[in-house]
Amino acid sequence: MFYCSSKGGKGGFLFWPRKSHGERSLVSYSPWGYKKPLEREDLFELNESDSSYSVCPIFEKQWRKEVLRTQERQKVKSSFHKEAHTRKPSLLRALWNTFKFVLIQVALFKVLADVLSFTSPLIMKQMILFCEQRPDFGWSGYGYALALFVVVFLQTLILQQYQRLKMLTSAKIKTAVIGLIYKKALLLSNVSRKQFSTGEIINLMAIDAQQLMDLMTNINLLWSAPFQILMAISLLWQELGPAVLAGVAVLVFVIPMNALVANRMKKLKKNQRKNKDKQIKLLNEILHGIKILKLYAWEPSYKKKIIEIREQELEVQKSAGYLAVFSMLTLTCIPFLVSLATFGVYFLLDEENILTATKVFTSMSLFNILRLPLFDLPMVISAVVQTRISLVHLEDFLNTEELLPHSIETNYIGDHAIGFTNASFSWDKTGIPVLKDLNIKIPEGALVALVGQVGSGKSSVLSAILGEMEKLKGAVQRKGSVAYVSQQAWIQNCILQENILFGSVMQKQLYERVLEACALLPDLEQLPNGDQTEIGEKGVNISGGQKHRVCLARAVYSGADIYLLDDPLSAVDVHVAKQLFEKVIGSSGMLRNKTRILVTHNLTLLPQMDLIVVMESGRVAQMGTYQELLSETKNLTNLLQAFNEQEKAHALKQVSVINSRTVLKDQILVQNDRPLLDQRKQFSVRKEKIPVGGVKFSVILKYLQAFGWLWVWLNVATCLGQNLLRTGQNLWLSTWAKEAKHMNDFTEWKQIRSNKLSIYGLLGLMQGLCVCSGAYVVTRGSLAASRVLHAQLLDNVLHLPLQFFETNPIGQVISRFTKDMFIIDMRFHYYIRTWVNCTLDVIGTVLVIVGALPLFILGVIPLVFLYFTIQRYYMASSRQIRRLAGASRSPILSHFCQTLLGVSTIRAFGHEQRFIQQNKEVVNENLVCFYNNVISNRWLSVRLEFLGNLMVFFTAVLTVLAGNSIDSAIVGLSISYALNITQTLNFWVRKACEIEANAVSIERVCEYENMDKEAPWITSKRPPPQWPNKGIVEFVDYRARYRDDLGLALQDITFQTRGEEKIGIVGRTGAGKSTLSNCLFRIVERSGGKIIIDGIDISTIGLHDLRGKLNIIPQDPVLFSGTLQMNLDPLDKYPDHELWEVLELCHLKEFVQSLPQKLLHEISEGGENLSVGQRQLVCLARALLRKTKILILDEATASIDFETDNLVQTTIRKEFSDCTILTIAHRLHSIIDSDRVLVLDSGRITEFETPQNLIHKRGLFFDMLTEAGITGDSGAKNSLYMDYTK
């Protein structure tokens, strides 16, 4: 019955998947997983109709219909009522229209299962009557026993089919919603992106879609629970008559109270949602900006911010926990209060009424059935309320404004490639125009330069061409396809070849031409697997220059008609920049026949341009050819003269980043020296490790320790009390029913009856008190565990070395803070308490039945053995499937985060559909794991319930065999307990499995605890407060490597600076310049030797004592969402007037004063509402504010124009005149006036002299100057060179 194979298997009544791995059947599923740990290849594949490829398109079609239907209704309403209320399209209605047939099928299975659940008490009633009457022939007793077995077995089969179908349907609903969220994210306008941060959109996928899935799992309880309550009441009426109305009155009184609780839970859920959004948003920014946090020693400050948000979360969780105490109280007390009220009124209605065994145990069985719907109904109502909030969030997101597809004319067929006619643009409809009155016509095949100062609107013009901005007026035409290279390189987490092909078909010759033109061939020789090397998230394992060249190669390979290039030459060195312009962009390059728009600050390129557009304050200041502008206006002439010396000093602007450099063919070292090249590029991206085998008890122990041993033992005590009192209640009823048969022998029956009822009520109240106390204890303990484990996770993550974040996707970390912490917060404590309760309940049940029927022990022993055997087999598979599911969640988040970062590039290339397909693939992988988990659960349930059914049958047969030796009250007690034990044992095994399966979340949260950490932030040895006061940096025989299995990146480095000395650090690619900087901050630890700063060996002090006393202006301008003031001074150390002073020094004061909120201006996520140049100036202001004795410069002015660059360089020289400055030389002209220059080669110092001496020596430094065009040999009469050679 349970067999299905990959050949010809069809989904019948209990045939699960239609496709399986090989010829393995479902019967052998879990045992096979027991023999060896399951891997992804071992799992059943999805049926085509259940996959995301089928589900998403169907749902999207229904959603579009719903949107159109709503718009039509709105038009009709508006025609009658001008102020008609705007109604949003309903996500729920779209889901119903998509899944209504399968939902109806699920409901039918539920009806059948519910009806059968009420058949068991009726058969039990007949068995009790049979035992009371004791006819001569016992065949009817065996008939009842067999009927009972058949009914419960049929109920098992139907219920498991219901469970399978509802779980699969709920998963399909989640899949459909995630697909729609992803598609919407690709279409969001800039206004919508401001409304929904990356963290909030991630929460929509991770939490709201899950909430919707959870509700759909239990949605049938909304009608099933009232149906079961009505069925139970109608059957109770037959037993106890009108007295049952007293029980109904109790229900009517209590249910509104639960409604109030549900309403309060709704408010708490709203607050909790806001807190989670804030935490994930901040966490996402911290993880993406972790390098800045480490360099500036800001981890404690941001850790404090996360903990503050977490405490708000826990406060809400505590309130919800206390409400749960009330819910648990009503859950326990309602059945008992209903039975108490019913029995009490039953006695009052007629003094002749007595409780026989038949009435007692039939009624109690019905009350037990009543317990579950009474528990489920408030819970599902609460879930509906909570899910309503999630639905509102989802609908708000799905109905937000999208980019208008017709804001630009893309099918233009005129005589120019791009045209602006009196066009103005803003980032939102109500905002101030960013671009004003543009009138530009760009001919086909033209090479156009966009120039201007920081914030003049150069990048915004490209965004307007792409349709990324709101058009306020005018017209824009664009002819042909577009390729876009953004200012900040966007790299996918896939192999390098796929990054370049970007979904295009491989054309070998074209591909090799592109690699050569973009100067990537030498880099491929360095990468571990050439173009098959996997590139990490955000391109962490390749250099900044390589990232930009990969992006350029991606654009070139696409074969588009129009190329929008946002300053791609700024991130490569002088040689590569020349090659890229000559072989790619320029008049003889691969793109010579294409339309090219190049944003640049390099004015020496202007003579080679067909058209030059000079931007100023969002307007076109001048436009024309180079000669036209020279003759017609003085502005360009003055601009050129202002930078004449700088432009002669270096033919092209060059930039790099700390952790990488570009390699050219003539710079590649011999093979033996290859390990000495930039070793970070040799790091491979790590796949998430999936543990195998059982979860160690130490993991559970860690949770219990965090829970608190006091609360653990109090929890066990309350569970024990609760179960003892429940068993006592049932035994008391059994004794009562026995005595009822002999009531004529008692003259004071009325008084005895009253006493019996009072004691029954007292036992129930005491049970309620135990439950209430237990819920309070669990709430307190779970809060403690949540607080401790979250704090440990956060602390462990912040102490991990920078290399970890460069080789592990951010999604893996975020997944632990979202899904795994959610399980710890909301579920794990519930599973443990439920398991303890079930364990005690099973023990009590077995003892009661064995006490009544001693022979029962003969059946229990083999059944218990089978239970444990099945559990062991199941757990081996279930645990591993959970782990695979956990690992398959991270790619969903990683891919989604990656998409949000590169959404402009994806839209520019028109690859939205391809990325939607990729999202379906990663979602499908997770769905496969979920589906297999459902299959394994059904495998377990069918077997466990079958064993439970055998236990019921065995008990029933024993009661028949016992004949007159057993009282009917004992028969009723035994069978009712046996009926319960099926569910209880099933629940017990399931919760044991749930504990181990969900302990994987604790295992994942604690995983980082055993990883290698950075050195302590603070040690017992603290430097003096005024250290360093001289700024003397000394390297003594220093050696360093990035990893133990790699060669030395720095060898025998020995040099010493003088106080307040200005040192330039230069060298060819892979020479070790970036490593030297990293070693100063102990990002890379020493392998030998030492670094001494003002007499203190930096390896002997804490990292924060070191990093807090150093200053760096990095190349990557990282900002965090929050106010401008917070970004300048996150530790809140400095007064406002000092902030204004540094803003003035960085030439940002005028810009900030023009903002409405000034210092309190909100910076959007990643600083997206500032230009890249403005972000770099904010980072410079941050460094000026944090003035220390030692400053490391790493291209502080990468994305700003030359005029501002000149002013900033002057500011640095003036403001840091009394500091030691170490400048990683990217522009040789910026270090040629240094006091001394340190020349590195292959990790060793080759020269360390004044620039004059180095030029006269004509060594490596002189060669580099010659190559950069700063010597007489190059033909450029550079004034700096002439000064030094006099």
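Each position is counted from 1, following the chain as shown.
Every residue, even glycine, has its Cβ placed from backbone N, Cα and C.
Copied over from TrEMBL, here are the features:
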DOMAIN    104-386  domain 'ABC transmembrane type-1'
DOMAIN    418-642  domain 'ABC transporter'
DOMAIN    713-987  domain 'ABC transmembrane type-1'
DOMAIN    1033-1267  domain 'ABC transporter'
TRANSMEM  98-119  transmembrane segment
TRANSMEM  139-159  transmembrane segment
TRANSMEM  219-237  transmembrane segment
TRANSMEM  243-263  transmembrane segment
TRANSMEM  320-349  transmembrane segment
TRANSMEM  757-778  transmembrane segment
TRANSMEM  842-870  transmembrane segment
TRANSMEM  946-966  transmembrane segment
Within-chain partners of the transmembrane segment (842-870) [C-beta distance under 8 Å, separation at least 6 from its ends]: 723-724, 726-727, 730-731, 940, 943-944, 947, 950-951, 954-955, 958-959, 961-962, 966, 970, 973-974, 977-978, 980-981, 984-985, 988-989
Recorded stretch, among 98-119, 139-159, 757-778, 946-966, maximising Cβ pairs under 8 Å relative to the transmembrane segment (219-237): 98-119
Contact between the transmembrane segment (139-159) and the transmembrane segment (757-778) (at least 3 Cβ pairs under 8 Å, separation 6+): no
Same-chain residues at least 6 beyond the ends of the transmembrane segment (320-349) whose Cβ lies under 8 Å from its Cβ atoms: 236, 240-247, 249-251, 254, 257-258, 261, 264-265, 268, 272, 355, 363-364, 367-368, 370-371, 374-375, 378-379, 722, 729, 753, 757, 760-761, 764-765, 767-768, 771-772, 774-776, 778-780, 782-783
Local confidence of the prediction over the domain 'ABC transporter' (418-642), expressed as mean pLDDT: 84
